[in-house]
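Engineer: TrEMBL lists these features:
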DOMAIN    96-225  domain 'TFIID subunit TAF5 NTD2'
REGION    276-325  region 'Disordered'
COMPBIAS  281-290  compositional bias 'Acidic residues'
COMPBIAS  302-312  compositional bias 'Basic and acidic residues'
REPEAT    361-402  repeat 'WD'
REPEAT    434-475  repeat 'WD'
REPEAT    476-517  repeat 'WD'
REPEAT    518-559  repeat 'WD'
REPEAT    560-601  repeat 'WD'
REPEAT    602-636  repeat 'WD'
C-alpha cells in the first residue's frame, strides 16, 4: 500500500466528511489545542496560523490549557516505549510527578554503586552527589518541598563529608522562587559538573542506565554532568578525594593543556648601572718577560656579586611578552641594594631554621582586618574595620612627608640624593594614618618602588595612596561589590584585585579602568596573587577552585581543584613553578603549574589558613593559621621528591604524604596570624592580633 493511501485511510478512521465523530469531539479538540500550544511554545508561527485556520480554533482558547495536558498528550501519542524517541529527547511520564518515583530511581542507583566492584566503586560513587542535587531541584520545582527535604536527609549522610555544608545550603531552598538568582543553583545548572572517570567505570555506569531504562538519570547526566574519561586503571578512594570537592567537581585535563611560561624573567644587567659598585684592586699575576724591571700593573677585580650572568630559563616568557615598566635609576639602585643585602642572606634548611619575629597588635582583635609588610621590611600597613589604614615604620627611620612646592624649587634635580632632599625631616613620625574608605579595609599592598600603597574595601573601591605626600592619589571604581584582595605586580605598575562580584581584574596605576576582567568563578573570588614573572595571575574562590589567568590575553590557562572549603591564601614558589594555596578546610595544597597537577597536601593546622610565605631562597614554606600556630615546611625536599617521582599520569597522580616535610611548629598563646614575610636576609616576620 502506498504511504499516502495508508495516511488517508488512517484519517478516515477519525474524521468523517470533514467533521469530528460524535464520540471523540471534545477529546480531539483538546488534543489539537495541546498540539497548538506546543507549536506556539517553539515559536512556529506559520504552522500555528495554518493549523488554527484548518481546525477553526481561536487563539483565546489556547490560554485555558496547562503544561500537564501537553505532557499527557505527548505521553499518549508516543507511548511508554522510550526506545522510539529521537536521540537526546526524553519524554517524562506522569510517574515523574510522584516523589516516590525519584526516591526509587535514586535508591536503585545507589544500590548499583554499592554492589559494584571495589576497583570501580569509588569513581562511580562520585556521580551520586550531583544527581541528588538535581533531583532535589526537580522536587522543589514541582512543589514537593517536604518530600525533597526527606529525600536529602535520607541519602545525604551517605555522601562524602566535604559536601555536607553544600547539602545544608541546599535545604534552605524550599520554594520555586528560591531557585531563581541563587548562586548554588546557577553553579549546578549552568556549568556541567565534571567527573573524571576511567573508561571501564564509565561504560559500566552507562550500561546500568540503559539496562534499567532509567530515563530520569539519563536526562540528568546528559544535561548537567560531564565525564572526563581516560584509559587506564580506576582511581582509589584517596586519589578521588584529593581533587574532588569543588562546586564544578574536578578540572578537565583539557583545561590544563595550554603551555604556561612559569620561568623567571632575566634579571637586569647590573654592570650597566649608573653607579657601579666599588672595585677591589689586586696585583697582576703575569710578569712581562721583556721588561722584568717594569713595575707590576694593577687591574680592577670584578665584584663577585655581578660577575655571574643570569642564565636564560627555557620556561621563562619573552621579556617583551607584556609591556613592563622601565627601571629608573632609583629603581636600579634599590635593586643593587637588595642584591647586596641578599649576599648576606642566611641559607635555610632543616638544620638551620629561620628566626621568627612576631609583631603582636594589642587591644584590636575585632578591629584589625589585614596587615602587610613592605618588600624591604621597612614599613608595615594595617587595615581596620573603621575604614582607616595605619602605617608604621619598623626601623628607627621616621616616616617623613615631602616638602612644599616652594621648598622643592631650591633642590638640585641632578643631585644623586635628590629623593632624600625632597623629604622634610621636621615632619618625621613613627606612624601615619590614612582616611578615605567608607567601609572596612580588607587588604593593603605596598608598591615595589615603596612610594605607593594600595588598599581595598567593603565600599567596592580600591585606593592608591602616596607614601611621599601621605594622601590618596586615585580611587579605582569598577567592582560592584566588596573587594576582598588587591596585589601589586612584582615589577610594579600593574595590580590585581578580586571581589564578591565573582571577578578578578587587572589594573594599571595610570588608568582608572581595568585592563582585563577575569570571569569564570562561580562564587566570590577571595584572593589573588601575581606570578613572580608578572605574566600570570592566580585567583582563589569560594567555589573551591584555583584559576591561573594569562595577563597577556585574559585566557584561563590552569584550573585546579582539591580544596573542600573557600580559598583564602595563595603563594608562588620562588622558582615560579609551584603554587601553594591555603583554605578554610585547614589544609595547604601544592600544585605544579607545568601540568596543573596536585603535588601534595600539607595537613597540620586546626584552623583556616590566611597567610603563607616562601623563604627568599625558596627552601622553606611558612604557613600561619587562625589556630594560633605557625608551621615551617621543607619545600626543597618536597620539590626534589616530586621531580624524582616523575609522575606522568595526570589522571592518576600519586599524592605524596605531606606530613613528612614538617620541620617545626610554633604555637602562640592566643595570637592568630594575619601576615607572614621573609626579609631579604631570611628573617621571618609575622603579624598577629592578640585575642584577650
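Every residue gets a Cβ built from N, Cα and C, even glycine.
Where the annotation comes from TrEMBL, it is an automatic prediction and has not been curated.
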Engineer: Taking a Cβ cut-off under 8 Å, which residues six or more beyond the ends of the repeat 'WD' (518-559) line up next to it in the same chain?
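Structural biologist: Cβ under 8 Å, 6 or more out: 183, 186-187, 191, 245-248, 251-252, 255-256, 258, 260-265, 316-317, 321-322, 324, 481, 484-491, 494, 496-506, 565-572, 574, 576, 579, 581, 583, 591, 593, 596.
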Engineer: With DSSP as the reference, give the number of residues of the repeat 'WD' (560-601) in helix, strand and coil.
Structural biologist: 0 helix, 24 strand, 18 coil
Engineer: Same chain, outside the repeat 'WD' (602-636) by at least 6, Cβ under 8 Å from its Cβ: which residues?
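Structural biologist: Sequence-remote neighbours of the repeat 'WD' (602-636) are 342, 345, 347-350, 353-354, 356, 565, 568-575, 578, 580, 582-584, 586-590, 658-659, 661-682, 684, 686, 688, 691.
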Engineer: Over the span of the repeat 'WD' (602-636), count residues by DSSP class, listing helix, strand and coil in order.
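Structural biologist: Across the repeat 'WD' (602-636), the residues distribute as 2 helix, 20 strand, 13 coil.
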Engineer: Quick one: mean pLDDT on the repeat 'WD' (361-402)?
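Structural biologist: Value for the repeat 'WD' (361-402), mean pLDDT as a whole number: 92.
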Engineer: As a quick check of your reading of DSSP, tell me how many residues in the repeat 'WD' (518-559) are helical, how many are strand and how many are coil.
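Structural biologist: Going through the repeat 'WD' (518-559) residue by residue, I get 0 helix, 23 strand, 19 coil.
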